[in-house]
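> Quick one: the structure is below, questions incoming.
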Amino acid sequence: MKYEISEQAKLPTRFGNFFTKSFREYGKNNTLFEHLVVFTHTLGETPLVRIHSECLTGDVFGSKKCDCGNELALAMEQIAHNTEGGMLIYLRQEGRGIGLFNKINAYALQDKGYDTVEANQQLGFAGDMRSYEIVGEIFKHFHITHINLLTNNPRKIDALAPYAKVVRHSIITPSNPHNQAYLEVKKQKLGHLL
């Protein structure tokens, strides 16, 4: 895997003061992903970690179709106040790895009655196309071998097992009428622990 690491910069946020680095990943077929790591000044032996895949509609625009924006905010708040410190790894894998353009097309199919997994399949994609290999490199860079992982996704736990000893912590946010069916599909078809 080829990647490069930016310089470290301060990142004051509404949740607290953090530091940040970007990992530029050179993927297959000349793809380029610029991931962001937001972390506390001190990282203890077992930091609190959230692996968060980009969701422009939820994270930036506050879409109620998913739980992403709420999970991002809750994770940042918990990391900021965790005694062992922590980090949020923001992976540029929009739409569970299918990209923004295809995600919007999947949304259009959802408007016609397909669920989130069926919509991806109609577009020729699996239900989840994400890769977590870069996370292993990020953990190496920060000398992380044990983590408390904020996730409801068992696939993330399995994917990170080669890189660190993982203890899962749920991240539960309130549902709303727009995302209840979506959350049920994540539970039933993607195995999320909700």
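Cβ from N, Cα, C; glycine included.
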> Which of these, THR20, THR31, THR116, does Swiss-Prot say binds GTP at the same site as ARG50, ILE51, HIS52, SER53, GLU54, GLU94, GLY95, ARG96, THR151, LYS156?
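Swiss-Prot lists ARG50, ILE51, HIS52, SER53, GLU54, GLU94, GLY95, ARG96, THR151, LYS156 binding GTP, and from THR20, THR31, THR116 it also lists THR116.
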> Are there recorded positions among CYS66, ASP128, ARG130 that sit within 10 Å of GLY95 (GTP binding site), Cα to Cα? If so, list them; otherwise say none.
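Checking each Cα against GLY95 (GTP binding site), the hits are ASP128, ARG130.
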> Taking the mean position of the Cβ atoms of CYS55, CYS66, CYS68 as the Zn(2+) site, which residues outside that list, in the same chain, have a Cβ no more than 8 Å away, listed in sequence order?
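Checked against the 8 Å cutoff, the neighbours are THR57, GLY58, ASP59, SER63, LYS65, ASP67, GLY69, GLU71, LEU72.
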> Identify, in sequence order, the residues in the chain of CYS68 (Zn(2+) binding site) that are 6 or more apart from it along the sequence and have a CB within less than 8 Å of its CB; answer 'none' if there are none.
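Result: HIS52, SER53, CYS55, THR57, GLY58, ASP59.
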